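Following: one structure in structure tokens, then a few remarks.
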């Protein structure tokens, strides 16, 4: 049975009894002690930022990465005391001459002499000749610390360029670890920082349109930036326990802007709305704290729960991204619940300083959203069916999603060193980035083991999947040997993956596997990709179960309804699935290659789907909690469910649209990043937020809730012990 709406005017609706929830209590303290709240927040930000500068952030080392067998191989190599080197190579190639011709041999000798003449290299080798005799690899190592090799490589580049000038009829080109790092740095250096900085004026511009006043627009941006700065200090401290990945600070700024601006929008727009209804400044702030403040609290917990699921992967990158996001979201929520109400209380009507003619309005008429909701709620069954079918259709391509590590395929191949890498890969399959077989024994120079290594080489080359050049490197104590061998494929594709399986499951057991007491493990880019994907596949169900389970419990406790909790989960999964489908079409099938300028490779970067799931689930719940809180608020006042749904969505549509536009604009900026993985992340986040804020919130949610009616609020009697939380 529908409960009759209580007879009260909109003005009376602003006269709530004293708020009892945590957000309201914190806001009440902040508004009573404004100086304490504002100064306290500034001190917190200053101290945290100083902490970051003083103690620094501990970055993840190479040894922190990896999974399974490839990580074990890397650990054996690290423990064996191999000298750390930065390997480089020069390919000498001709379309007509062969390696035994005089001119070709002269070019190879000149190359070796030129790089040795710089005094910057060692271990020069010219033995690698391609099967067609048209290519020779001159390999060498940079002297000194590999971490600073880039500072000493320019003379080597110049020497190789000199040989190329001397032999114009041949190709003489350099690539290698340092060269490729330099090439990638040329693409990436400053690009992510520039994009992050561009996001600030873009966000400010959107907020100016949303609020129509300069000061009101600056407040959310100020909170987001200070929350980000403070969270960097917290990251520095936490990195002692969870080493930070290189990309985490960019994600933190992205998420700090997204949630920080969202939280402020929710708060300020609700305060404005209540003022427009006639409430006093104190009343409006109290209502905003009790309603929007509570939504912020629930939303932050939901995002934190979603990100905490990534700890189950036991992967350093995922854990680092989770820690960074949790810190910035928690800090933004803290600021929204403490310093924001204090600032609004102190400013009062001055928050609207700098009004922009034509943009400023205290209250939106909401005619557009009233029209949409009228159409949707007139036939909710039809609306829900059409919207659901559209999202399912968009999600279908995700069934064919093929995750794979990106490796060097994730960057544009327009730098000389990367083009040379491709040339080496074509002439010497796997030669530019070979697999490394690690053999640990009492003495790897023992004749029996030497014979086993020779047998391994013979059997490996006979497969047709493993190729020359093959080289062996022995540790100083002769207990570990590294056998480097080329793999078919690009290093990250199915061909390379099959070659790794052949190496591990066939070649090694029938050669090195016969060495008594020996330990054998395979590493290298392709092996690491195989192991990472295997570990990811194993952890995905755990992450999904953890995130969905805890999110359901949080929604159940927050809204005291099994149906509302289940609906929230299903709708959010549907929007994530649709985003997966769009991502697959744009990147795996290459529909967006021209627009977003990336090299199509027929796969999706392996870490992107899980990352998008946890981020999108948290951000989608952000909107969902805000809308549901407003709907429940109306229902608790005695409105019929359909009216509560209509009013709740209509009253939140403006702020959600503004918040979504900010997120979509900021995320979309990252589709211009030089790395394909960053493009995938930006596109996936932008399209998901767009879907969520339009189709899901404007059509699916109201139509489903209208069809369910009073059943939305179903709670079994045996759950009656759940706490009754105030929504007003």
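Including glycine, each Cβ sits where the backbone N, Cα and C put it.
What TrEMBL records for this protein:
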| type | residues | note |
| --- | --- | --- |
| DOMAIN | 225-346 | domain 'SSD' |
| TRANSMEM | 38-60 | transmembrane segment |
| TRANSMEM | 198-216 | transmembrane segment |
| TRANSMEM | 223-242 | transmembrane segment |
| TRANSMEM | 248-268 | transmembrane segment |
| TRANSMEM | 295-312 | transmembrane segment |
| TRANSMEM | 318-340 | transmembrane segment |
| TRANSMEM | 371-396 | transmembrane segment |
| TRANSMEM | 539-557 | transmembrane segment |
| TRANSMEM | 564-587 | transmembrane segment |
| TRANSMEM | 607-628 | transmembrane segment |
| TRANSMEM | 649-670 | transmembrane segment |
| TRANSMEM | 682-708 | transmembrane segment |
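When the stretches 198-216, 223-242, 318-340, 371-396, 564-587 are ranked by Cβ pairs under 8 Å to the transmembrane segment (38-60), first place goes to 223-242. Here the domain 'SSD' (225-346) is broken down by DSSP into helix, strand and coil counts: 106 helix, 1 strand, 15 coil.
Taking pairs at least six residues apart, the transmembrane segment (649-670) and the transmembrane segment (318-340) share fewer than three Cβ pairs below 8 Å and do not count as touching. Sequence-distant neighbours of the transmembrane segment (318-340) (same chain, 6+ residues past either end, Cβ-Cβ under 8 Å): 23, 26-27, 30, 37-38, 40-41, 60, 219, 223-224, 226-228, 230-231, 234-235, 238, 242-245, 247-249, 251-252, 255-256, 259-260, 263-264, 267, 289, 293, 296-297, 299-300, 303-304, 307-311, 607, 610-611, 614-615, 618. The transmembrane segment (539-557) is in contact with the transmembrane segment (564-587), judged by 3+ CB-CB distances under 8 Å for residue pairs 6 or more apart in sequence. Just going by CB pairs under 8 A, the stretch in 223-242, 248-268, 371-396, 564-587, 607-628 that sits most against the transmembrane segment (295-312) is 607-628.
Summarising model confidence by region, the domain 'SSD' (225-346) averages a pLDDT of 90.
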